Amino acid sequence: MEMLYGIMPEISLLLSALIFQLIGAYSNNTLTHVIAKMAIGFAAILIAILVFHPSWFNGIYWNNTFIVNQSKIYLKIIILIFYIFLTLIYSGYIKVANLKGHSEYIVLMQLGALGGLILVSANDFMVMYLGIEMQGIIGYILTTFNYNNSRSSEAGLKYFILGTVFSAIMLFGISLVYGTTQSIRYDIALHALQNPSSDMAVLVAAILMILVGVLFKLSIAPFHMWTPDIYDGAPLVVVALFSSLPKISVLALLGNLLSELKFASDAFFYIKTIIMVLACLSLIVGAFGALLQQSIQRFIAYSAILNLGYAVLALVANSSNVIRAEISYFYIIIYAASMLGFIAIIINNFTNRANYLKISHLSGLSNVKKLSSILIAIQMFSLVGIPPFAGFISKYIIFTSILKSGMYELIIMGIAAVVIGSYCYLNIVKVMYFLPATVRFQNSSVNFELSLVSIASTIIVISLMIICMLFGEGLNVIV
């Protein structure tokens, strides 16, 4: 029985998802709002238990294949908080759009959160594959959720084909790892790189295959090709999901893998260099790609590529065999909060037109929706990295860490990406405040759920900066 304690949050999420699905099926989706409230309440209880009783779950389970410690509990709490935000966004969306709603959407999101929790604690390649595939399959389904729209169906098919190809590459890599090391545990398989053997080339190739699958999920160039089309075709509420839960959990997975790889110093140096180059390529692709976009959803896609480039760079951009995971996680949390707040405001103000909206449609928004415009401006300023918002401190930490490592060429590239990205984000502020309106805005009532997400995300990007300023010593430790 003690072996089940470590996965009680995961078991609880799975069982509650099954209960919510049964309620939705027998009520013919008439209780979607009730199910949403139940899901939020359940996640809040789970967060409270993890916060106040973390010792209940700490431990190493099933022969070191599943690990729960304090840092992993923090990540699980963050994933559950973003799951609550996503449920609020969907609940608010079906209210403002006057839709019946589908309880299975909430269930699928909850299973996506479950996959994220599994990825955070996985110390075994098959457990990792289970978590990634759980999130992947849910992503395929949700992309096509607007099944009456051809763009949504096309995006879902593209995502499914590309996702299965990269999943197969990852699975082939896992099989080669087992064939060469007789183990699929991270610590045993990856530490085998310390001992030169005739199978070394095969093992390195296998690890690179696994990392290719992980970088695909993170939209790191050149494995980003799916991101703009899928974001553009999926409903905006699904884009909100793609911008948060999978990115946080898969980044945590990459941090776990690199933390074990660092013990094989020679192989780790080359693998780290490859990832660093790809992260820099993501900065270029994301910055210039966002520069050319008119569609808000494609803009969000290239923004994801750009910001994941920074997050991955934060993991590996140092001169020693050290993984700065806390810097990377801090950055991606701020990015995800800013993007969810932005998406919630768009849905709240444009309702049925929120999907496939263009940046030009935001022109003149400040004349009609002053508070919404202020909140969007704050999110954009944070994404640019303008003080006093948290986006500034996250970029400052990354650049300071790189500077201490003496990698000045990365500093130059990072600053160039910031400058180009600044134009993209500030262009939205310019459109809202300085261009005349091109569409008629609806004088709809303010939705509570969407407003709560937009305000909460704004509080996050402001309060994290204040916390860092008040606790300067803690900040110095991170840097």
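Glycine is no exception: its Cβ is also placed from the backbone N, Cα and C atoms.
Since the structure is predicted, the reported quantities are computational estimates derived from the model, not experimental observations.
Annotated features in Swiss-Prot:
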- 3-23: transmembrane segment (TRANSMEM)
- 40-60: transmembrane segment (TRANSMEM)
- 77-97: transmembrane segment (TRANSMEM)
- 159-179: transmembrane segment (TRANSMEM)
- 200-220: transmembrane segment (TRANSMEM)
- 234-254: transmembrane segment (TRANSMEM)
- 268-288: transmembrane segment (TRANSMEM)
- 299-319: transmembrane segment (TRANSMEM)
- 327-347: transmembrane segment (TRANSMEM)
- 373-393: transmembrane segment (TRANSMEM)
- 409-429: transmembrane segment (TRANSMEM)
- 452-472: transmembrane segment (TRANSMEM)
Sequence-remote partners of the transmembrane segment (159-179) [C-beta within less than 8 Å, at least six residues beyond its ends]: 125-126, 129, 132-133, 136, 139-140, 143, 189, 202-203, 205-210, 212-214, 216-217, 223, 225-226, 230
Distant-in-sequence neighbours of the transmembrane segment (299-319), which means Cβ under 8 A and at least six residues beyond its ends: 215, 218-221, 224, 227-228, 230-232, 239, 242-243, 247, 251, 254-255, 258, 272, 275-276, 278-283, 285-287, 289-290, 293, 325, 327-328, 331-332, 335, 339, 342-343, 359, 383, 395, 397-398, 401-402, 404-407, 410, 414, 417, 421, 424-425
When counting Cβ pairs under 8 Å to the transmembrane segment (327-347), the leader among 3-23, 234-254, 268-288, 373-393, 452-472: 234-254
Positions on the same chain near the transmembrane segment (409-429), where near means CB under 8 A and six or more residues out: 276, 280, 283-284, 286-288, 290-291, 293, 299, 302-303, 306, 309-310, 313, 317, 359, 362, 376-377, 380-381, 383-385, 395, 398-399, 402-403
Chain residues outside the transmembrane segment (268-288) and at least six past its termini with a C-beta under 8 angstroms from it: 193, 204, 207-208, 211, 215, 219-222, 224, 258, 261-262, 302-310, 312-313, 315-317, 321, 410, 413-414, 416-417, 420-421, 424
In contact by Cβ distance (the transmembrane segment (234-254), the transmembrane segment (452-472); 3 or more pairs under 8 Å): no
Surrounding residues of the transmembrane segment (77-97) on its own chain - C-beta under 8 Å, 6+ positions past either end: 32-33, 36-37, 39-40, 43-44, 46-47, 50-51, 105-106, 109-110, 112-113, 116-117, 120, 236-237, 240-241, 244-245, 248-249, 329, 333, 336, 340, 343-344, 347-348, 351-352, 354, 444, 447-453, 456-457
Distal contacts, the transmembrane segment (234-254) - CB-CB under 8 A, six or more residues away: 72, 75, 78-79, 82-83, 85-86, 89-90, 93, 105, 109, 112-113, 115-117, 119-120, 122, 128, 131-132, 135, 139, 142-143, 145-146, 152, 155-156, 211, 214-215, 217-218, 297, 300-301, 304, 308, 311-312, 315, 325, 328-329, 332-333, 335-336, 339-340, 343-344, 346-347, 354-355, 357
